[in-house]
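Colleague: If you scroll down you'll find the structure; I have some questions about it.
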């Protein structure tokens, strides 16, 4: 291909990308105008969002655990990315934490806290259940991959899994739960109680990831491991909220969540698979 043709192709791709972004922005603005005419940003709306995203996500994750295909579930996380831009004004987004952190070093602390929390949860489950199917990370690893790894390919597969896991759910879930949903409860209940509500929603929806399991072609409920998992997810969610407060930015929660997922992938690929 000639240099001029390469330049033309590159310009065409750049133009298409920019056009896609412009169209996306226009769509989000249109959706915001529509929803703001009929709905108020309050706690009933937050409850509606919990159900609107929680129920389909719950069903899709259960299906993914059975089929091994998580592509559709990732779409839900991706849609969550845009909720602050559809439902909130610029001022509203700033109020829920869409701003620069007060200290960038605190983002590093948040990442470390998220990773340490994952280590604590894995250690707790390992203490009680070892590397059996009743261990949350063992089940998640078996449900999401059937690859038999050797040491020569372990790092490659770890990176392939770790990168998207640090983007899709941390951004999507934190924008939705610690952002839009949390903010809808604050005016009536205050920051602390609002965090309890969004943490409960976050914890319960994670029952689809573990607690209700698909094993040997049969659906099972593991009562005690499920309860331990939900309680762990509740306190993990509270930790993400504290990281948001510590950094005075929603990105503190996002980075803490990314740290948790990074550590989760580390334990899966280097201690389980």
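Using N, Cα and C of the backbone, Cβ positions are placed for all residues, glycine too.
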Colleague: Which one of these stretches, 177-195, 196-214, shows up in TrEMBL as transmembrane segment?
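Modeller: From TrEMBL, the annotated transmembrane segment range turns out to be 196-214.
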Colleague: Per DSSP, how many helix, strand and coil residues does the domain 'CAAX prenyl protease 2/Lysostaphin resistance protein A-like' (158-262) have?
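Modeller: Going by DSSP assignments, the domain 'CAAX prenyl protease 2/Lysostaphin resistance protein A-like' (158-262) contains 87 helix, 8 strand, 10 coil.
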Colleague: For the domain 'CAAX prenyl protease 2/Lysostaphin resistance protein A-like' (158-262), provide the mean pLDDT of the predicted model.
Modeller: 96
